[in-house]
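Chemist: Quick one: structure below, then a few questions.
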Amino acid sequence: MTDSDEDALKVDQGPSQDIPKPWVIPAPKGFLQHIFGTSQVFQSICDVKPKVTGLTVPLKVREYYSRGQQCLEQADWETAVLFFSRALHLDPQLVDFYALRAEAYLQLCDFSSAAQNLRRAYSLQQDNCKHLERLTFVLYLQGQCLFEQCAFLDALNVFSHAAELQPEKACFRYRCMACLLALEQHPACLSLITEELKQDTTNADVYILRARLYNFLQKPHLCYRDLHGALLLNPKHPQARMLLQKMVAQAQQARQDAGILAVQGRLQHALQRINCAIENNPLDPSFFLFRGTMYRRLQEFDGAVEDFLKVLDMVTEDQEDIMRQAQRQLLLTYNDFAVHCYRQGAYQEGVLLLNKALRDEQQEKGLYINRGDCFFQLGNLAFAEADYQQALALSPQDEGANTRMGLLQEKMGFCEQKHRQFQKAEDHFSTAIRHNPQKAQYYLYRAKSRQLLQNIFGARQDVATVLLLNPKQPKLSLLMTNLFPGMSVEEVLSTQIAHLARLQLERMVEGSLQAGGPQGIVGMLKQWELERQKALALQHSWKQGEPLIETSEKLQATPEIPQVEPGSSEGQAEAPKEEEEKEEEEQKEEEEQKKEEKKEEKKPKLTPSKVASLSESYLDQTSLASSMSFRTTCTSETETSAICQEYRSTSATAMTFSDSSLLKTQSSDSGNNREALSHGPRKIKDIQGQRQSLSKTQATQSQRQNFSKTKAAAHRRNSSKTKATQGQGRRSSKTEATQGQRQSSSEIETSQGPRQEPSKTKTTRSPRQRPRKVKAARGRSWRPSKLDATQGRRRGLLRSSTKTEAFYDSNWSLSKTEDVQGQGQRTSKAEAAQGKSRGMSSTSSKAESTWGPSPSVSKTEVGQDLTYYEVL
């Protein structure tokens, strides 16, 4: 205060020296005494006191200062403010008085006045940091009071002013953040926090503050990032752990919601929820796996692939299940993406995607099938075939793979047909049939190829199969016309070729079903049902096959009836009257044969007068053309009658063939003989209506084979029909119809033994018989001779014509039976019937009765014999 007083004195001395005193009239001496008299009261006034110059203002300031200090010490804040204000009024440049008055205002909680005084003091002395610090402190107190009074905007202004005065202090910015949060100005607060983190990155609290703000703003991925940063700075931060647990719980809830929405089919909403879960907890790979699956189902393949690859990067060794699922889903994504490209026509891109999938998985058949489809569309048929084969190797019974392989083989077959490679085309169509045996068009295409390859039998068989599968197949009528001219669908289906085609088709279908095996409970039920149906069908066939079984059993019971000698037990069992009647019949037959021979000598060699049925002729042509060297022809009714008569005398001789010539086909002789033995003429068309089932045919075949083998062991020949029918003599000549392997005449002669001599007629029955090229026809009606009917009635050993026809009809399915036995021989329903001629005399009849050989007859004799029966 001394310096200030001296300054005040100097200020006072200046004007006293400069300003001149005014001139006044001096008062006369004794004037006051004259006025006041002798009173001493006013005498002092007149005394002139000495004037103190330069000490008036500083003394007052000093006085106010001392009094103000006393008031501060006495907590008399208002009086202190008064004295400091008077002092500042006397001297406004006194900085310390502003600071003292600010303290008094601060104690009075007048923060604004205090801040104003401090601001004045700081403005007068800017180099004094104490005033600035005191000012910011006052502002902080003021802002905090306002904040507590919920005056957030005023508090924000105060804190902002303090932060401007001291930007190095973060506490003022933190208070500003709090004010902004209270004011719900989140973007401004977020920007302020971001600026703060740019300046200071070591404060975990700031990260947590921003993480909470992000979580409030539903930005969990940013929240998790800041939370992760806070945990890196302070792993044991309690607030950070609490927030982390909260986010994990939110993520699990979002995952559950996404699963429910996905089950409901609301994939877009499920995707939103799983995104929220990933944002709350981006370190869980299962969330990315689920989202990748959603992307795949929504056909957002890029996002799906990215998520699955991220899962493979995130999983650890103890998460093998998630890794396998991610790999599986990645393969499915590649596959679905390839399918999408396939639908869009981008086949090459589909191949590339499937190559990626197959690089990691080689045991998935669907990948090979889809890549094969892409190759098929690109025209790379070889690659497509390789992929389909690989798929079938993994799953042989896959319906899709078999269907695609069939289509591929069909296309490859067409390509080979264009290049006129018909054999290769047939192979391709056969492969297609093997993979899809119930596709009718494959058989139709193969039939065309076989027709061009001159495989008529195979072509007809394929056409029959097409009729079985789909009679309304387009372009079938043309092949029907070429291969079965003049025949209807019913007639074709009644042929032996149709039976063979049906059998092969059933075998292929059953084989494919058995190879697949039952798949689960449904497959087992289907298999049981199929077995039950088979059992019912077999039982039904047994019921229908009673006549056939009865006939075959009787044949087995008397296998050597044609070869019975007069001294055998069976011959002795016959009545003596029957033997006498047989001798009389033999004599009559000899007389009739002599007459017939004379007539035949007068006539030239006969030509066929009646054409066989179309079905039999086609079948015989196809089967015989491949295994025999001669062609059969049809015979007239007269010729067949003559053959019947001759067959009765030579049926036993025909049974001397060896086992190598199995019973395969029927000759016209057996049919004629049976018709001759019946009580009345019956047509073969009626016999066709009594066609037996497959099981009956097989049973009859086996019985006939045993019968023929038994007779072949005997090596005996019967010379007459009467001899052949001694004992029980029923339909023994029927088995002769099975000589159908297109054997040459030399082979037949060899099997007959040394009793036959080679001749121009190629005798196969007896030396007196000459084979005729006659084609057996089922549709023609044969008329037996009166003599045959008479002989049949006389003997009384013959069955009814119905049983004979039933047994005869069963022999017509021999070629089909042979296919069942696996012999693989192409046989026809009826082989070439060997024409027979007899010029029987009394000596020849005696020789025949004693089983002796007889010389061969000439063509003239045969002609006479046939002429005789034609006249009858």
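Keep in mind that glycine also has a Cβ here, set from the backbone N, Cα and C atoms.
Note that the coordinates shown come from a computational prediction; the quantities given were computed from them, not determined experimentally.
Sharing the features that Swiss-Prot gives for it:
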REGION    1-20  region 'Disordered'
REPEAT    61-94  repeat 'TPR 1'
REPEAT    96-128  repeat 'TPR 2'
REPEAT    136-169  repeat 'TPR 3'
REPEAT    331-364  repeat 'TPR 6'
REPEAT    365-398  repeat 'TPR 7'
REGION    557-640  region 'Disordered'
COMPBIAS  577-590  compositional bias 'Acidic residues'
COMPBIAS  591-604  compositional bias 'Basic and acidic residues'
COMPBIAS  610-640  compositional bias 'Polar residues'
COMPBIAS  653-675  compositional bias 'Polar residues'
REGION    653-872  region 'Disordered'
COMPBIAS  689-709  compositional bias 'Polar residues'
COMPBIAS  721-754  compositional bias 'Polar residues'
COMPBIAS  762-783  compositional bias 'Basic residues'
COMPBIAS  799-827  compositional bias 'Polar residues'
COMPBIAS  839-861  compositional bias 'Polar residues'
Chemist: Same chain only, please: residues at least 6 beyond the ends of the repeat 'TPR 2' (96-128) with a C-beta under 8 Å from a C-beta of the stretch. Say none if there are none.
Modeler: 65, 68-69, 71-72, 75, 77-78, 80-81, 84-85, 87-88, 134-135, 138-139, 141-142, 145
Chemist: For the repeat 'TPR 7' (365-398), what are the DSSP-based totals of helix, strand and coil residues?
Modeler: 28 helix, 0 strand, 6 coil
Chemist: Treating G and I as helix alongside H, and B as strand alongside E, what does DSSP give for the repeat 'TPR 6' (331-364) in helix, strand and coil?
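Modeler: Tallied per class, the repeat 'TPR 6' (331-364) gives 27 helix, 0 strand, 7 coil.
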Chemist: Would you report the average pLDDT that the model assigns to the repeat 'TPR 6' (331-364)?
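Modeler: On average, pLDDT over the repeat 'TPR 6' (331-364) sits at 92.
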